[in-house]
Amino acid sequence: MQKHQHLLPIFVSLCAAFALIDEVDGEYLIGVGSYDMTGPAAGVNMMGYANIDQNTAGIHFRLRARTFIVAESSQGARFAFVNLDAGMASQLVTIKVLQRLKTRLGDLYTQENLAISGTHTHAGPAGYLQYVVYSVTSLGFINQTFDAIVTAIEQSIIQAHNNLKPGSIFLNTGDVENAGINRSPSAYLFNPPEERARYTTNVDTTMTLLKLLDSASNRSIGAFSWFATHGTSMSRENRLISGDNKGAAARFLEDWFTFSNNSLSTRNTKFSTIQNISTLRNKAQKIKATGGKPCGKTTSQGFKVRKNDGSSFVGAFCQSNVGDVTPNVLGAFCTDTGKPCDFNHSSCNGNDQLCVGRGPGYPNEILSTKIIGERQFEKAVELFSSATNPLSGKIDYRHAFINFTSIEVQLNESTVVKTCPAAVGAGFAAGTTDGPGVFGFQQGDTEINEMWKRLRDLLKEPSQYQIDCQKPKPVLLSTGEMFVPYAWAPAILPIQILRLGNFVILSVPGEFTTMAGRRLREAVKETLINNGNGEFDNETHVVIAGLTNTYSQYIATFEEYKQQRYEAASTLYGPHTLSAYIQEFKKLAKAMATGEQLGGTGLSPPDLSSVQLSLLQDPLGDSPPPGKRFGDMQQDVAQPKGGSFKKGDKPSATFFSANPRYDLLIEGTFAVVEMLQGERWVPVYDDDDFCLFFKWNVTVDNGSLYGLATVEWEVPEDATSGVYRLRHFGSSKKTKDYPNEYFTGASSAFTVS
């Protein structure tokens with residue numbers, strides 16, 4: 001757990017802020033919820049980089065669905081906002097969640113007033129989106145990933161709903177320093193100079209935070225913030241499930257408020273000191289590994305340091321107009337020369353694969369994730385401690401399904417244009433500085449060589465209409481015209497506006513670039529003010545919630561589209577995509593401002609669950625070697641030369657283990673660090689901690705495959721001196737020879753001084 005001692009002055013001011021807030025009856029009913037959504041941790045492709053070789057092999061820290069609900073009364077207007085530690089939302093996930101909620105709660109939460117938004121981590125399991133282009137590298141649909149996400153969303157919403165109580169919500173904003181830079185600065189320069197002159201930076205640095213306060217106890221129950229930076233601190237080579245920088249920020253914030261207000265005795269009690277470390281070392285030497293033992297299905301849940309009883313503080317770091325914003329803030333450099341990449345194409349002598357962005361902890365991606373997470377976390381604590389602007393006013397929402405493949409857009413009095421069927425260009429294949437793509441492509445390519453055209457046409461030759469409509473994008477894949485074995489890309493998209501007094505959330509199903517997001521926010525705000533009869537004013541605050549309710553890739557400005565860097569090449573519906581969004585959102589905004597209830601468009605996205613293909617192989621590593629049990633040691637902790645581990649050391653142990661896909665241990669843990677207190681072992685760190693790593697792989701011995709789980713602990717600076725051991729939990733495949741499905745084992749003891 002990160003103590004962040006340097007933030008003590010902020011925490012003091014936070015406590016003072018609590019004291020200054022008067023008791024209030026509560027403007028709204030508010031509730032928060034959180035649930036584990038960590039998917040399969042072995043052999044499943046990760047969503048984000050489209051790297052077919054990037055398959056899960058353990059857990060950095062767990063993924064969660066975090067929800068806040070706000071309502072005017074028990075039966076009054078309300079909405080629910082869900083933040084996922086996932087690459088993006090999925091239309092199929094939304095469909096199934098709504099079906100479950102209807103069964104449990106009727107029509108309280110519908111597509112109109114439920115928003116499900118992804119943080120855009122690139123280190124979560126794939127296979128939960130229903131369109132072909134998003135499941136190629138995952139070898140199709142993966143039910144286990146999908147079910148984990150759907151169940152977590154459902155449970156977090158139910159938890160928040162059951163927790164509804166009178167409360168108040170406070171709004172605050174501030175700038176986050178050095179947590180994101182523009183990864184396509186040459187494209188940004190295509191925007192009009194007079195427009196760019198209005199802004200001091202080529203990325204949005206504003207964080208917007210809501211503080212949720214329970215009126216009865218006058219204590220906060222949560223904080224949700226929006227800030228734009230990509231979830232790509234963890235590289236395309238990473239194999240550990242991770243919430244990346246936003247998930248890290250959430251873990252740091254929740255731990256800060258939980259452990260600072262209710263000190264966890266096992267982490268704060270000075271059980272031992274350096275003076276008696278020799279005695280402890282002698283004691284540790286006598287405590288050997290336990291060997292594998294059977295345990296219950298929920299045993300690991302009892303070893304969790306953070307038990308989810310529904311009463312914990314929930315802190316969420318939501319995504320915004322992130323399209324061209326990278327957390328790799330040191331810039332992009334060529335891996336062969338160390339020199340900066342080409343400015344216009346982000347390549348190195350024409351090779352896109354050699355141009356890679358560097359995070360602030362370069363070359364340590366875990367450190368980069370931590371640093372960017374901390375920068376968001378620290379700003380959130382500061383904004384939380386000084387938030388004194390209460391929100392008041394009505395709750396409202398508007399939602400529409402739009403067929404984005406053929407929208408007529410009125411640009412001016414005399415010009416009407418149309419959007420196009422979905423397609424990606426050559427720059428899409430080039431990838432980005434966060435994750436380079438296919439050799440032979442560069443960002444900014446406006447031509448495709450004949451070899452790639454022939455390969456493209458084997459899949460689907462784009463129509464002449466599509467080629468003309470998408471110009472200047474050269475159509476690499478006409479995904480909107482591809483329907484075998486089922487649709488390759490979405491056509492019908494949801495757009496949504498949520499209102500909480502003078503705070504407005506725009507739910508967008510994709511990644512807006514910085515300037516595209518600015519234009520959308522301004523257009524909606526202006527529409528609200530001009531049509532709201534004084535109900536909205538310049539103090540109205542509008543945020544974009546990116547990657548929400550479904551996913552349709554990128555939205556670049558018309559000007560950025562001309563250069564055809566990655567973001568423009570991934571703007572599916574042609575050069576006028578942003579104009580279409582602005583037009584359609586203005587319709588929703590006007591309806592909200594005037595109180596008009598829009599009739600349905602008659603459109604709804606398809607449910608493709610019945611036609612999904614899945615080519616993922618069954619798990620490997622079904623049994624331990626002869627004479628061994630799951631949970632037995634394959635490699636015990638190697639005792640250090642000095643007799644004790646120091647802060648920053650990495651004791652580790654490897655266990656014979658079954659594939660973690662046999663049970664995800666939801667709200668449980670695969671790995672635990674235990675500390676000896678008297679005669680009792682007490683869990684002090686689990687696989688939700690930033691310092692503890694669970695890694696799984698397969699080894700070959702005499703022609704047989706055996707699973708191995710490695711538990712690695714990076715001893716944090718605030719660890720108490722004492723006796724520790726590493727424990728592993730898992731689940732084996734039920735067979736006649738192995739009736740005990742769940743198992744555990746612990747390493748030999750060791751000391752930390």
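Quick reminder: no glycine exception, Cβ is built from N, Cα and C everywhere.
TrEMBL: automatically predicted annotations, no manual curation.
As the structure is a computational prediction, the values presented were derived from the model and not from experiment.
Marked as signal peptide by TrEMBL: 1-26.
According to TrEMBL, the feature domain 'Neutral/alkaline non-lysosomal ceramidase N-terminal' maps to 28-583. Confidence over the domain 'Neutral/alkaline non-lysosomal ceramidase N-terminal' (28-583), given as mean pLDDT on the 0 to 100 scale, stands at 95.
Annotation source TrEMBL lists Zn(2+) binding site at HIS120, HIS230, GLU511, TYR554.
Per TrEMBL, domain 'Neutral/alkaline non-lysosomal ceramidase C-terminal' is recorded for 585-752.
Residue counts for the region 'Disordered' (616-648) by DSSP state, with H, G and I taken as helix and E and B as strand, are 0 helix, 4 strand, 29 coil. Under the heading region 'Disordered', TrEMBL lists 616-648.
Same-chain residues with CB within 8 A of the center of the HIS120, HIS230, GLU511, TYR554 CB atoms, the Zn(2+) site residues themselves not counted, are GLN319, VAL322, GLY323, VAL325, GLY510, GLY546, LEU547. With a cut-off of 8 Å between CB atoms and residues at least 6 apart in sequence, the same chain places HIS120, HIS122, GLY180, ARG183, VAL322, VAL325, THR326, PRO327, ASP434 near HIS230 (Zn(2+) binding site), listed in sequence order. With all protein chains in the displayed structure included, the most crowded Cβ environment within 10 Å among the binding-site residues GLU511, TYR554 is that of GLU511.
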